[in-house]
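As written in Swiss-Prot, here are the features:
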{"type": "BINDING", "residues": "His118", "note": "chlorophyll a ChlzD1 binding site"}
{"type": "BINDING", "residues": "Tyr126", "note": "pheophytin a binding site"}
{"type": "BINDING", "residues": "Asp170, Glu189, His332, Glu333, Asp342, Ala344", "note": "[CaMn4O5] cluster binding site"}
{"type": "BINDING", "residues": "His198", "note": "chlorophyll a PD1 binding site"}
{"type": "BINDING", "residues": "His215, Ser264, Phe265", "note": "quinone binding site"}
{"type": "BINDING", "residues": "His215, His272", "note": "Fe cation binding site"}
{"type": "SITE", "residues": "Tyr161", "note": "site 'Tyrosine radical intermediate'"}
{"type": "TRANSMEM", "residues": "29-46", "note": "transmembrane segment"}
{"type": "TRANSMEM", "residues": "118-133", "note": "transmembrane segment"}
{"type": "TRANSMEM", "residues": "142-156", "note": "transmembrane segment"}
{"type": "TRANSMEM", "residues": "197-218", "note": "transmembrane segment"}
{"type": "TRANSMEM", "residues": "274-288", "note": "transmembrane segment"}
Amino acid sequence: MTTVIQRRSTSNVWEQFCEWVTSTDNRLYIGWFGVLMIPTLLTATTCFIIAFIGAPPVDIDGIREPVSGSLLYGNNIITGAVVPSSAAIGLHFYPIWEAASLDEWLYNGGPYQLIVLHFLIGVFCYMGREWELSYRLGMRPWIAVAYSAPVAAATAVFLIYPIGQGSFSDGMPLGISGTFNFMLVFQAEHNILMHPFHQLGVAGVFGGALFSAMHGSLVTSSLIRETSEEESQNLGYKFGQEEETYNIVAAHGYFGRLIFQYASFNNSRSLHFFLAAWPVIGIWFTALGISIMAFNLNGFNFNQSIVDSNGRVVGTWADVLNRANLGMEVMHERNAHNFPLDLAAVEVAPAVRG
């Protein structure tokens, strides 16, 4: 008779779950942040799809004039959007159970809050998951730091700006044309083009695109040939190979002669840090600028700052921007008020003299 003695498993279900969640052997890493990220992003995505297709019109301005945003109510992919919550709701937390009925919740734009708040929690957790996986693999945390730039930008337009303006109705609509409308209104009310933080963001995005194109083209132009003329040079690279796949000395020499010597990096590590840091810092500044303008600390205003010897205004580009801002503000919420605040603040003579 043979007796087989097996060691009793000491791990319970919770320990097995913890091991599975934190295991780096999974095809997709879950992580503790992923435990919260997955349901929140699924909720936001599901609600967005349903609302984009079939949500009824929303009384965004709080004046009983609903605005349609879904496909089934006359929009297409370009004009469709999830319309922000009503100005009548303001900054109040507005879950489904706070409304008297589902129809009221939809009429006041409840789906917008549901989507935005779940989405922000989800992207915060995605950033934490990036750090968590880097930690498990013994990597440095800069991937999560870089991702913090778009997270900060999304937080600025979806949360900080509505808080500063006093209502979720001022948040960015969830759609293509809604995004452009948000940009135009933001320019009209805050003169963002004349804000130095936005200008730093433009330099970061366009500069990052330029540097990325320059780096990619230099590397591609200085590959070390490992193949014949009839084969693609891409076949000369083997995943995980120890030797360099391109000649950094040749790329450095080319670029140094094209511009000047010190414009070219001779250190691959500092080069790639620069490529990551430039756009990230620029987008950080943009998010910070939007957060500042949310509380009406706006861009520079040089309106009528130059006059000639006779006191006549010498028109500048700033004056062109100011006129454009007034025009855009007149078009914005045209049924809520007849004139922008700049014009409505002018003292008007009484219509009836007593």
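Even glycines carry a Cβ here, placed using N, Cα and C.
Everything Swiss-Prot records as a feature, shown here on the structure.
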residue: His118; record: chlorophyll a ChlzD1 binding site; DSSP (3 states): helix
residue: Tyr161; record: site 'Tyrosine radical intermediate'; DSSP (3 states): helix
residue: Asp170; record: [CaMn4O5] cluster binding site; DSSP (3 states): helix
residue: Glu189; record: [CaMn4O5] cluster binding site; DSSP (3 states): helix
residue: His198; record: chlorophyll a PD1 binding site; DSSP (3 states): helix
residue: His215; record: quinone binding site; DSSP (3 states): helix
residue: Ser264; record: quinone binding site; DSSP (3 states): coil
residue: His272; record: Fe cation binding site; DSSP (3 states): helix
residue: His332; record: [CaMn4O5] cluster binding site; DSSP (3 states): coil
* Asked: Around Ser264 (quinone binding site), how many other CB atoms lie within 10 A of its CB?
  -> 18
* Structure fact -> One stretch in 29-46, 142-156, 197-218, 274-288 has more Cβ pairs under 8 Å to the transmembrane segment (118-133) than the rest, namely 29-46
* How long is the line from the C-alpha of His215 (quinone binding site) to the C-alpha of His332 ([CaMn4O5] cluster binding site), rounded to the nearest angstrom? -> 43
* Between His198 (chlorophyll a PD1 binding site) and Glu189 ([CaMn4O5] cluster binding site), how far is it from one CA atom to the other, in Å? -> 15
* Structure fact -> Note on quinone: the CB centroid of His215, Ser264, Phe265 has further same-chain residues inside 8 Å, namely Met214, Leu218, Ala251, His252, Phe255, Ala263, Leu271
* To do: Could you measure between Tyr126 (pheophytin a binding site) and Asp170 ([CaMn4O5] cluster binding site) for me? Cα positions, answer in whole angstrom.
  => 26
* To do: Count the Cβ atoms, other than its own, that fall within 10 Å of the Cβ of His215 (quinone binding site), considering every protein chain shown.
  => 17
* Counting only other Cβ atoms and using a 10 Å cut-off, which of the binding-site residues His272, His332 scores lowest? -> His272
* Would you measure the largest Cα separation among His215, Ser264, Phe265 for the quinone site and round it to whole Å? => 10
